[in-house]
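Peer 1: According to Swiss-Prot, the protein has these features:
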type     : residues                              : note
ACT_SITE : H116                                  : active site, proton acceptor
BINDING  : 20-39, 98-101, 190-192, 216-218, A234 : NAD(+) binding site
BINDING  : Y64, R67                              : substrate binding site
BINDING  : C124, C127, C150, C153                : Zn(2+) binding site
DOMAIN   : 1-248                                 : domain 'Deacetylase sirtuin-type'
Amino acid sequence: MLGEVSKILAKSSMAIAFTGAGISAESGIPTFRGKDGLWRKYRAEELATPEAFKRDPKLVWEFYKWRIKKILEAKPNPAHIALAELEKMGIIKAVITQNVDDLHREAGSKNVIELHGNIFRVKCTSCSYREYLKESDRIGWLLSQELPRCPKCGSLLRPDVVWFGEALPEKELTTAFSLAKKADVVLVVGTSGVVYPAAYIPYIVKESGGIVVEINIEPSAITPIADFFLRGKAGEVLPKLVEEIRRISK
Ligand code: NAD
């Protein structure tokens with residue numbers, strides 16, 4: 001099956017990747033729904049919400065600072081690197097991710113569409129202030145704050161991520177849907193496919209006549225529509241695909 005998928009990818013003119021927390025699991029970042037997904041006694045769904053932030057911003061910031069520290073320790077794994085390679089080879093045109101960990105960019109992917117924001121960005125709860133802390137070199141500053149405040153207006157800052165119950169960034173969602181309509185192949189990697197509207201992506205590809213290739217350690221909500229299901233760890237399957245595509249493209 002890997003051979004067949006490699007041939008399809010080598011011939012494709014507009015492949016995209018759609019990734020979820022599972023692609024970063026081998027980098028040591030727990031998924032939300034996996035058995036390591038708990039923080040203290042809380043489930044992420046209880047903390048990553050606007051209501052939780054309103055109720056107890058200190059607790060929510062504590063959770064996010066913990067996540068930022070964990071993610072800072074993580075490095076892109078062979079799966080992120082393989083997707084960046086596929087982009088360099090001209091096969092993948094974009095990576096649409098539900099992850100907030102920035103690891104696709106760290107791995108060298110250039111066209112990354114973040115549907116759920118980025119944990120290294122903050123935004124003001126009152127004014128239009130936004131900051132990408134990696135660029136401004138202020139991650140250390142953020143981690144030293146109990147309740148970080150906007151440098152412009154003094155209001156509370158919040159993580160620039162999409163919380164449960166919130167709308168996705170319009171520009172990113174429109175771009176992602178339009179890429180999905182045009183894609184002839186989508187590689188669906190490490191997602192349970194239950195978080196909407198992001199999970200529409202593989203359905204849009206399928207309905208537009210594209211091929212759905214799924215890589216996951218276990219079946220997901222997407223599996224019933226997958227044309228190919230490559231069962232295994234993303235960090236093992238994706239490098240094999242790249243190797244095979246290189247071999248047949250020589
Ligand atoms: P999820 O936790 O619902 O599902 C993870 C999926 O990855 C599962 O289907 C699991 O079987 C699979 N998986 C686990 N390890 C794998 C591996 N090594 N190789 C291949 N597949 C593997 O994640 P989701 O679908 O992305 O939805 C959770 C939401 O939570 C996302 O929208 C995201 O915003 C957020 N989140 C992000 C991160 C991150 O940025 N790294 C981490 C946790 C949660």
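Note: Cβ is positioned from N, Cα and C throughout, glycine not excepted.
Please situate the listed features within the shown structure.
Peer 2: Its Cβ taken as reference, H116 (active site, proton acceptor) is surrounded by 21 other Cβ atoms within 10 Å in the chains shown. Classification of H116 (active site, proton acceptor) by DSSP places it in coil, neither helical nor stranded.
All chains included, 15 other C-beta atoms sit within 10 angstroms of the C-beta of I217 (NAD(+) binding site).
DSSP gives R67 (substrate binding site) a helix state. R67 (substrate binding site) has a Cβ environment of 21 other Cβ atoms inside 10 Å.
In the three-state DSSP scheme, C150 (Zn(2+) binding site) falls into the coil class. The 10 Å shell around the Cβ of C150 (Zn(2+) binding site) contains 20 further Cβ atoms across the protein chains shown.
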Peer 1: I want to check the contact list for Q98 (NAD(+) binding site): same chain, sequence separation of six or more, C-beta distance under 8 angstroms. What comes out?
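Peer 2: Counting only residues 6 or more apart in sequence, the Cβ neighbours of Q98 (NAD(+) binding site) under 8 Å are T19, G20, A21, L115, H116, T191, V195, A198.
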Peer 1: Round to a whole number and give the Cα-to-Cα distance in Å for the pair G28 (NAD(+) binding site) and C124 (Zn(2+) binding site).
Peer 2: 30
Peer 1: Given a 10 Å Cβ-Cβ cut-off, pick out the one of the binding-site residues C124, C127, C153 that has the most other Cβ atoms nearby.
Peer 2: C124
Peer 1: Just name the most isolated of the binding-site residues G20, G28, G190, going by other Cβ atoms within 10 Å of its Cβ.
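Peer 2: Candidates: the binding-site residues G20, G28, G190. Fewest Cβ atoms within 10 Å: G28.
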Peer 1: State the mean pLDDT for the domain 'Deacetylase sirtuin-type' (1-248).
Peer 2: 96
